[in-house]
């Protein structure tokens, strides 16, 4: 369990759907307008969405943002500080650092995507089964989940890397598996919460069959929390993947993975501050943006709806 | 009460056992073959490369037998479990050194680092968490509340490198690396404490905010209690409970974080040992590290669980209401 | 000191706004009233009337977004509306104190109750720890808690709800204040507990000459306990006067409606609105045969010696069998209403679940329309589901927030595969008429409806399958009184129109009186008495029933 998760888990889905809101019947157009206003009042959130979109574009179309080659350097220009020509400066063999960061986005994003999909699918499935079936199955799954949550995520990832070997894919799998438990637990508690909700009881009392209850009430009402956790996990997955690639377990050297970029600068700490500092700042900005969106999904959005 | 303690101790033991079992299964069921890696290493292959083994099969079999890898998995599991219970953690595949000896050498270094980090993290976290609600100025509260999410987004390795840059290379206040005396602990501990402080502050601040909105706080205010009294006497004791749980959970993360921090500062310790072991896919060492971490984690959480009833009277009388 | 002739508290054209989203929303608009020394004044109003906001302003405990924009609150002649927090603090607890709303959550869970009572004394009178503790024990004794020295060492979770409210009264009285603001002090407590707590508060404040500002939604409580009543609606005072006068000869139209709606001030069963015609074959209520033999012939539900026990595992004493329902027998005639009344934990809801077939009795039998529930096949049981429907207590929680009104009402039809899409649409539209909601509401979601509208929706959902028996589990207890009255009337009309049989679960005898033909009183799992509604209220046979009846507030208004 990563630290961001603990914070995320305690930002519990406190969901009281418009519990005491007075009847305010907006027409559809009014609703759309109020949605815009809702966003307009949250410039930080808009900025965060912008940051993530930009990073996705970096990954898909790096050529739009930089003409420099991320792998081949100009030795003459090695370790030159940030300038108009090299926004982030250059590294020890004269490669443009900004180009490396832009091109590195695809490694990080691909790894994050694999990790998240793995964690989400496996975790949500386990949680769903556990919460719905209950009894022995629930007990077994939840005990395993508890232990996985007790072990720090990084340690679980390291075990898996020991077993699977190095590389971006293995790092992604390792990070994904370490996040499965969190998704399983949130999904299970959501299923239980919704299943015990009065409207589900009302549906059951009314004679609605259980699969129908599951599909029409339980799933649609629980997926919000899962999405929110997904966004929070996005941030911590970027951090974990960067940490693992910093340790040298990620893609092989010339690849500009973000964590590896920071590691590259270790030997030039005294002379070239930008080589470590700037790629790290990019990571921070992306993680903050992801967390901001996660918080929006978790609470504000649902309350406003 | 006795029941409560017994149950907690039992669950601590179960956590350690389960951590061992899960990591054993992951390490031994998954495709990578430790022997192939060892042989690979012997032949000077790169890290994690595929094993292009040119050794004669008999010799491979002999090595397999020496490490017990020719037996069925279940037998290997029970043998390993038995050895573990007897205190024998096996030998390293890459170095051939007794794992126990390496651990005994490494553990104190890391425990020292982790406890200093825990202390800093909890102190800073509590301070920021409390002040971000208590301070009377709205702008200062908001500033303080925005710090923890920011801190939680900072990669520890990067933070460590920036501290090195500033305090060791620019200012020369602290030695950049090594295990020499207290001065060498300061920067690593600061680095390692960052996530702990961030989470503590976030959790405490949030639960304080919730507690401050609860009706019994209004009761206290209606008695004429001052802001300080309401915060410290009434809100803090109630808000502390979730934070206590976080302290327990954090310890595991401190141990794991030492992998990164000890690498950044080139310190000897459990983290470095782990990093090297993963690098060489040295399964016995990794397994031992997991078990040691689980033991430390379980002990600290046992302590937290035993502290709970002291703080929360509702747990003291564990006569839970009928569901 | 208060000058001669000057009231202790004088609220003068008070305006309070809430700031949200950059705008001000008025909550209190020009409120005027006084509380004299030793006087008990009740502020009565429904939710949103501004009564609670006014009370908080008097205590200086408005939330940060609540702003006093005009007017004054004079306490002993001094305007406290704009007092600094420091100055107000010396007043709060010492001169003006609070008895808060919900006793279950108003005490600090991790502090001993003795210390919580002593806190005010330590703050204001600077009593040393030991002296404050002894004083706290005396106060516990005064509010009627036994073994006060032992109790003061206990924590809130070790006390019952009624005892916690007594502790809160002790906290309020600790520094012998001149004015106590009691904000809905007994909401959430059982009626018999409510009565003893209010008796205690009344006695203690009377003895000490303390003035009380009583905030309540219940006109019955107000008339029983207050000297004068202030009626508030939408932030304004609509009527003020001596308690009995306000309830007997209400002048303002809103007060008249409130009095008319207040169940505790009425004694008659509701009849269908003029123009409602029975379409089903059932005889209309009121014209129901009084002869018990004939009723039996018309019996729809029969519950015979039903017992339900649960096995629970307690951490200390191991497995224990908990009897929730014990030897209960009753029958319900077709087209009539049978009410089960009891306090929390009496087993009334469990009984309802048993009758609805959601749970099976440990022993005994339940027949519905002659069919024994236990002997039914799965298919027959499910078919019966469509004939027996539920309406839930909490209209805020019982509707899926994502569904539109249409989806909610249609769902049972869909579940039982009734009709084509077009048929279902017609049926839903038809029901909307029954519950008197405009067709334009079909696309709305529960969040856009008021509490009453939500409960109407829940009723429509229960009726869509044309059931014969509707089990109503506290259907009005979460609603304001005027809305309560509308829903009860709607239920009565629907019963006549559709020939429905009701099993009505309630803790509120006053409500029960308005809707039921027969009443069963439950206590600790047993049915202690059952009779026709008229008999039960005129001549209760059981001691517990008598206590329940005595506890209904509003006896002073009824004369």
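Backbone N, Cα and C atoms are what each Cβ position is placed from, and that goes for glycine too.
Note: TrEMBL annotation is automatic and uncurated.
Feature annotation (TrEMBL): of B:149-169, B:212-232, the stretch labelled transmembrane segment is B:149-169. Highest Cβ pair count under 8 Å relative to the transmembrane segment (B:9-30), across stretches B:113-137, B:149-169, B:239-265, B:285-308: B:285-308. Non-local neighbours of the transmembrane segment (B:285-308) in the same chain are 5, 8-9, 12-13, 15-16, 19-20, 23-24, 27, 80, 84, 89-90, 92-93, 99-100, 102-103, 107, 111, 241, 244-245, 247-249, 251-252, 255-256, 270, 273-274, 276-278, 315; each lies 6+ residues outside the stretch with a CB under 8 Å from one of its CB atoms. Through the fold, the transmembrane segment (B:181-204) approaches residues 112-114, 116-122, 124-126, 128-130, 132, 147-149, 151-152, 154, 156, 159-160, 163-164, 167-168, 174-175, 239-240, 242-243, 246-247, 250, 253-254, 257-258, 261-262, 264-265, 267 of its own chain, all at least 6 residues removed from its boundaries and within a Cβ separation under 8 Å.
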